[in-house]
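Under the heading domain 'G-protein coupled receptors family 1 profile', TrEMBL lists 61-301. Taken from TrEMBL, the feature transmembrane segment covers 47-70, 82-108, 114-136, 156-179, 199-218, 250-269, 281-303.
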Amino acid sequence: MNEDLKVNLSRLPRECVDAGDLKNISADIPSQVPVVEPEPELVVNPWDIVLCTSGTLISCENAIVVLIIFHNPSLRAPMFLLIGSLALADLLAGIGLVVNFVFAYLLQSEATKLLTIGLIVASFSASVCSLLAITVDRYLSLYYALTYHSERTVTFTYIMLVLLWGTSICLGLLPVLGWNCLRDESSCSVVRPLTKNNTAILSICFLFTFALMFQLYIQICKIVMRHAHQIALQHHFLATSHYVTTRKGVSTLAIILGTFAACWMPFTLYSLIADYTYPSIYTYATLLPATYNSIINPVIYAFRNQEIQKALCLICCGCVPPALSQRARCPSDV
């Protein structure tokens, strides 16, 4: 009826139509026209772009270290196994950040959210545990210098690797197996869908790890100073060499611990005191420096190592620079 009326009205002069009829018709016509709602625009958070970029850089940088260690059979000593574990953990962390960005904006679902957060938690936990394992290995290599290169050390290294990866995988599986806040938003932490209790456990584990690393590096520093003192006495240049070597060793340890604390401590403390009601910008601002630790790790632990430098030069240019091949290891190279 409305369509007939509409057609007839189009053929009549405007003055022949009653004003009341126009009012009724105008009220009926919109109800017959389907309303097409515009599709919501995809708004990308700039912080997520920065995290994705950081993840890409982490992946590329640590992939180089993993390939170098995997490609060279000579790099199978306990120290290189632990450096490889650290690089692999950081590589997975970088991949997790990139995958999380893709799933958050293209494949949104609860399953993908839990899988990506589980991967990120497991990989960053393995990264921190690998740093602790490297610290333990450095302490043992100095404290038991005569018996360090034994089969017992290799066995102990494999045990540490199994324990650290097993623990990290278990921590990553917790949100996947149900310990998440998807059904109870009031229990969410600053990183959804992790619960407040989950992040509290992770933060306490980090503080314990940092305290243990700090204590071990103090002992390492004492051993380095004692070794440098003994070498200086043997060569009769105590006043100069002992001071320079000791200062270099202490500076190296300060850089290692200072970088680790500066990257992870802000997010650790913030996740202990904050919850999901806090502005997300604070979470991004404290989480981003933590990802930078995975960018810095290859520089501190891998690319400073003489054997890895040689392997990298062989891969890139097919030769080893004479200055690199003749460099001797000193007590400050800890």
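Every residue gets a Cβ built from N, Cα and C, even glycine.
Bear in mind that TrEMBL entries carry predicted annotations, made automatically and left uncurated.
Most Cβ pairs under 8 Å to the transmembrane segment (82-108), among the stretches 47-70, 114-136, 250-269, 281-303, belong to 47-70.
Only residues 6 or more beyond the boundaries of the transmembrane segment (250-269), in the same chain, are considered here, and those with a CB under 8 A from a CB of the stretch are 128, 131, 203, 206-207, 210, 213-214, 217, 220-221, 224-225, 285-287, 289-290, 292-293, 296, 300, 332-334.
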